[in-house]
């Protein structure tokens with residue numbers, strides 16, 4: 001009897017129809033309560049295991065991750081890309097002083113998180129492109145890819161030639 005349930009569970013799991021959510025789907029208020037309870041339980045676990053006080057450096061990293069997740073969900077409810085909300089949360093926390101990158105002992109882990117975030121951002125952007133529209137607008141895409149590079153190279157060459165007195169070829173190489 002148990003073997004049948006086990007097999008049916010994995011057949012359902014690997015069939016691609018895993019639409020069940022970890023939050024409560026009865027009412028949006030229950031979703032908010034469930035999410036708040038998860039944040040409180042995570043904070044308690046971090047406090048008991050890692051002695052994370054509200055002013056610690058680990059707390060600032062957890063605050064950054066929690067706020068970026070929440071802002072991503074809010075942006076998704078406003079029919080905006082969730083990554084926009086996550087980026088906005090990082091900008092706000094950094095500029096309000098709640099998250100200080102320079103004074104953190106978790107710097108190697110933060111660098112890894114930045115690289116992962118950049119990878120996720122670029123992968124999500126690349127997956128959202130429509131290949132048929134790219135083929136249809138291939139001339140425009142080529143212009144948008146090449147013209148800014150050429151303009152930047154020329155601007156760097158002009159600035160370095162007239163302000164720094166470097167030869168034109170060196171200015172072009174700097175661009």
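Using N, Cα and C of the backbone, Cβ positions are placed for all residues, glycine too.
TrEMBL: automatically predicted annotations, no manual curation.
Given the ranges 7-28, 29-50, the record in TrEMBL names 29-50 as transmembrane segment. When the ranges 61-78, 79-96 are checked against TrEMBL, the one recorded as transmembrane segment is 79-96.
Residues 116-134 are the range that TrEMBL records as transmembrane segment, among 97-115, 116-134.
With a cut-off of 8 Å between Cβ atoms, none of the residues of this chain six or more beyond the transmembrane segment (146-170) come close.
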